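Summarising the annotation, Swiss-Prot assigns signal peptide to 1-20 and lists sequence analysis as the type of evidence. Positions annotated as topological domain 'Lumenal' by Swiss-Prot: 21-163. If you look up Swiss-Prot, you'll see ASN74, ASN94, ASN141, ASN148, ASN152 marked as N-linked glycosylation site, on the strength of sequence analysis. Sequence annotations record features per position, and here Swiss-Prot assigns transmembrane segment to 164-184 based on sequence analysis. What Swiss-Prot lists as topological domain 'Cytoplasmic' is 185-236.
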Amino acid sequence: MNKLITLLLAVLMIISCVYSDDVEITDDEVVQATPTSDVSFSYIFPDNQDKNFAAGSVVEVLVGFTNNADKALNITHIFASLNHPQDFSVFIQNYTRGDFGIAVEKGHHATLAYRFVPSEYLEPREFGLLISLEYQDGAQNFTQTFFNSTINITEKETSFDMDSFFLILLGLGFVGGIGYIVYGKMPKQKKVRTVSKVNKNAVRVETEDETAEWLSGTSAASSKVKSVQKVVKKNK
């Protein structure tokens, strides 16, 4: 009889231990639970709606958070990671966690902006992207992954292209035209001319050769004129 009682006690102890373990596991699951019925999410990549992200460039995602619960919820963090496209458990890059601390009352909506930068050294190819949001209801913390999909990393666009070149040329031409118009309308300075005074006494000297040339073909040409000097003085 004693053996039977001892056996029953042992069975009860084993059952009690198993039940206790089940309760602990359930509690852990509740802490990590994500009650999707209490919240709803929306998102958009305003500059990358085709989900093509340039390596080394800022990527912005706008997250819509609607509180469907019967009490206020506090948004604490948003974080993201780049993963292997075939195995999302393989992390390639973890991005900076964004701190928010925004309280959303029941029945209200909030929009948050989260930004991250894929490394400029990433090869242009397909990657997996996870973006998650953490929030709390005052007693428990919850995590919701609202984006879980593949994206494409592309080469970073050059900062200078032909469109930029023509825009620069157009701008320079416009500035040059404005400058030319302004310069043409500016008053020009008058040039000051220096007028030299003419001496009232004019002196003309004629040599023998000049006189001979002037008298060539006349009767006076035969006369030998050694030198003629005429001084003409104008009356004052």
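Cβ coordinates come from backbone N, Cα and C, glycine included.
Rounded to the nearest whole angstrom, the C-alpha distance between ASN94 (N-linked glycosylation site) and ASN74 (N-linked glycosylation site) is 23. In space, ASN141 is the closest of the glycosylation sites ASN141, ASN148, ASN152 to ASN74 (N-linked glycosylation site), judged by Cα positions. Across the fold, the C-alpha of ASN141 (N-linked glycosylation site) and the C-alpha of ASN152 (N-linked glycosylation site) stand 32 Å from each other.
Here the Cβ of ASN141 (N-linked glycosylation site) has 14 other Cβ atoms within 10 Å, regardless of which shown protein chain they belong to.
Other Cβ atoms within 10 Å of the Cβ of ASN148 (N-linked glycosylation site) number 12 in total over all chains.
The Cβ of ASN152 (N-linked glycosylation site) lies under 8 Å from the Cβ of LYS51, ASN52, PHE53, PRO124, ARG125, GLU126, PHE127, each of which sits 6+ residues away along the same chain. With a 10 A radius on its CB, ASN74 (N-linked glycosylation site) counts 16 other CB atoms from all the protein chains. The number of other CB atoms found within 10 A of the CB of ASN94 (N-linked glycosylation site), across every protein chain shown, is 13.
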